[in-house]
Amino acid sequence: MSMQTAPIKKTTLNHLQAKKNQEKIIAITAYDALFAQIFDPLVDVILVGDSLNMSFFNQNDTLSASVEMMLYHTKAVCAGAKTPFIITDMPFGSYKDEKTALKNAIRVYKETQASAIKLEGGKEKAKLVKTLTNEGVIVVGHIGLMPQFVRLDGGYKIKGKNEEQQKKLLEDALSLEEAGVGLLVLEGITTPIAQTITQKIKIPTIGIGSGKDCDGQILVWSDMLGFFDSFKPKFVREYLKGKELVQNAIKQYADDVKKGNFPNELESYH
């Protein structure tokens with residue numbers, strides 16, 4: 001009799017929403033199958049972020065990321081990670097109107113195994129969110145510091161420092177929740193308003209640079225593992241000196257080759 005392996009339990013939106021006020025959601029970025037496979041058993045959510053334009057392609061911002069780029073990397077991540085809830089960023093310009101957004105979101109669903117798409121913007125995106133969810137697309141919202149607006153904002157600026165900003169952030173969160181977003185990313189928001197939003201809305205919040213009171217946290221993997229060291233935001237905690245460790249290994253390899261120590265007899269065919 002053949003032995004059948006137990007089916008892999010895929011994390012769903014229902015699983016994540018059930019964690020609110022119960023258990024913190026663990027999220028991280030990934031852009032390829034190798035790291036997605038490594039992260040798979042350890043996280044609830046993997047975001048294929050347009051941040052890859054900076055950390056993977058060494059660009060100054062996320063704006064030149066394309067739909068094709070996001071599809072390519074999402075396919076790779078889905079090939080490596082089988083259990084996490086996988087979110088794909090909708091890149092700049094890919095959801096400028098309902099027709100464009102629907103076309104690109106449906107492409108993500110048809111061409112990859114992504115669980116959801118993420119878009120940036122507040123209450124002005126509520127109608128678009130409703131349109132997408134009516135077509136069966138799970139939408140993750142993103143408010144606060146929005147990297148796709150970096151040129152308009154004149155840089156990466158923390159939000160929620162005054163009463164006007166705090167009021168807008170709360171209005172945005174409530175509007176997006178009503179429109180149907182399943183999760184809400186809070187980026188670069190002062191801790192008190194992030195806490196208020198998390199308490200006021202029923203869907204989980206995932207924070208990045210928004211304090212510890214969010215329902216979950218996300219970091220860019222190359223930041224937290226010490227690979228992307230040209231600039232380190234205040235909110236990043238390095239858990240590994242990855243760049244240094246890899247460079248030391250390559251130096252050792254190069255030294256072994258130069259000295260004739262690699263390959264040795266056990267590493268050679270006869």
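Here the Cβ of each residue, glycine as well, is placed from N, Cα and C on the backbone.
Per Swiss-Prot, active site, proton acceptor is recorded for Glu187. What Swiss-Prot records for Asp50, Ser51, Asp89, Lys118 is 3-methyl-2-oxobutanoate binding site, and it gives sequence analysis as the kind of evidence. What Swiss-Prot lists as Mg(2+) binding site is Asp50, Asp89, Glu120, and the listing cites sequence analysis.
Taking the features listed in Swiss-Prot, we show where each one sits on the structure.
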residue	record	CB count, 10 Å
Asp50	3-methyl-2-oxobutanoate binding site	27
Ser51	3-methyl-2-oxobutanoate binding site	22
Asp89	3-methyl-2-oxobutanoate binding site	28
Lys118	3-methyl-2-oxobutanoate binding site	23
Glu120	Mg(2+) binding site	22
Glu187	active site, proton acceptor	22
Cα separation, the residue listed as 'active site, proton acceptor' to Asp50 (3-methyl-2-oxobutanoate binding site) (Å, whole number): 14
Near-site residues: 3-methyl-2-oxobutanoate, ref Asp50, Ser51, Asp89, Lys118, CB cutoff 8 A to centroid: Leu47, Val48, Gly49, Leu52, Thr62, Ala65, Met70, Thr88, Met90, Pro91, Pro147
Cα-Cα distance linking Glu187 (active site, proton acceptor) and Asp89 (3-methyl-2-oxobutanoate binding site), given in Å to the nearest integer: 14
Cα-Cα distance linking Glu187 (active site, proton acceptor) and Glu120 (Mg(2+) binding site), given in Å to the nearest integer: 10
Residue pair Ser51 (3-methyl-2-oxobutanoate binding site), Glu187 (active site, proton acceptor) - Cα distance, angstrom, rounded: 13
Distance from the residue listed as 'active site, proton acceptor' back to Lys118 (3-methyl-2-oxobutanoate binding site), taken between C-alpha atoms, in Å: 13
